[in-house]
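Quick notes on the structure that follows.
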Amino acid sequence: MNNDPLVQAAIDVRLRAYAPYSRFPVGAAVETADGRIFAGCNVENAAYPEGTCAEAGAIAAMVARGGRQIHRVVVCGGTDAPCTPCGGCRQKIREFAAPETPVSMVSAGGTVLLVRTLADLLPDSFGPDSLT
Ligand SMILES: O=c1ccn([C@H]2C[C@H](O)[C@@H](CO)O2)c(=O)[nH]1
C-alpha cells in the first residue's frame, strides 16, 4: 500500500472510470501548489473519439475550482506496467506544470512503477510561454 493521499486519490477514482469499450479504467490525480488534490477518470463514449482521459478529467476539476499550478501528477492504470499519459495528456499537463513536475505511475495497489518529470515525457515542449 501507499499512504500518499495523491496516490490514493488516483487509485480510488479509477474505480469510478467509465471504460466499457477499452475495459481499461484509468485514474489520475493532480496536486496544486496549495496542496489541493483533484481526481479524474477516463470517460469513454460509444462515439469513440469523444472519450476523455483520466488526466483531462483531473485537470478540468482543478480548473473548475480555480487551480492553475500542478505540482505533482499520479496516474493509475491498474496494470503492473506503468500507464504513461498519452501525448495529448502530456500537453494538457504542460499547460499547468513546470518541466520538473513529477508524474508518477502507480499500480492499483499503490506501488510506484515509474516516475518521470514532465520534461522527460514532453521534451522541447510548446507551452503558454511560447506565445509571449
Ligand atoms: O494515461 C492514460 C492512458 C489511457 N487512458 C484511457 C483512454 C482510454 O479510455 C483508455 C484506453 O486507452 O485509457 C487514460 O485515461 N489515461
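Cβ atoms are placed via backbone N, Cα and C, with glycine included.
All annotation found in TrEMBL is predicted automatically rather than curated by experts.
Some features that TrEMBL has for this protein:
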type	residues	note
DOMAIN	1-129	domain 'CMP/dCMP-type deaminase'
BINDING	Asn42, Val43, Glu44, Asn45, Ala46, Ala47, Tyr48	substrate binding site
BINDING	Cys53, Cys86, Cys89	Zn(2+) binding site
ACT_SITE	Glu55	active site, proton donor
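Features per TrEMBL, on structure.
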residue: Asn42; record: substrate binding site; contacts (Cβ under 8 Å, 6+ apart): Ala17, Tyr18, Ala19, Ser22, Phe24, Pro25, Val26, Gly51, Thr52, Cys53, Ala54, Gly57
residue: Val43; record: substrate binding site; contacts (Cβ under 8 Å, 6+ apart): Ala17, Tyr18, Gly51, Thr52, Gly57
residue: Glu44; record: substrate binding site; contacts (Cβ under 8 Å, 6+ apart): Tyr18, Ala19, Pro20, Tyr21, Ser22, Gly51
residue: Asn45; record: substrate binding site; contacts (Cβ under 8 Å, 6+ apart): Gly51
residue: Ala46; record: substrate binding site; contacts (Cβ under 8 Å, 6+ apart): Tyr21
residue: Ala47; record: substrate binding site; contacts (Cβ under 8 Å, 6+ apart): none
residue: Glu55; record: active site, proton donor; contacts (Cβ under 8 Å, 6+ apart): Ala28, Val30, Gly40, Val73, Val75, Pro85, Cys89, Lys92, Ile93
residue: Cys86; record: Zn(2+) binding site; contacts (Cβ under 8 Å, 6+ apart): Cys53
**Request:** Anything from the binding-site residues Val43, Asn45, Ala46, Ala47 with its Cβ under 6 A from ligand 1? List those in sequence order.
**Result:** none
**Request:** Would you mind listing, in sequence order, the residues at least six apart from Tyr48 (substrate binding site) in the same chain with a Cβ closer than 8 Å to its Cβ?
**Result:** Tyr21
**Message:** Looking only at the domain 'CMP/dCMP-type deaminase' (1-129), how are its residues distributed among DSSP helix, strand and coil?
**Reply:** 38 helix, 33 strand, 58 coil
**Complete:** Taking every residue in the domain 'CMP/dCMP-type deaminase' (1-129), the average pLDDT works out to 97
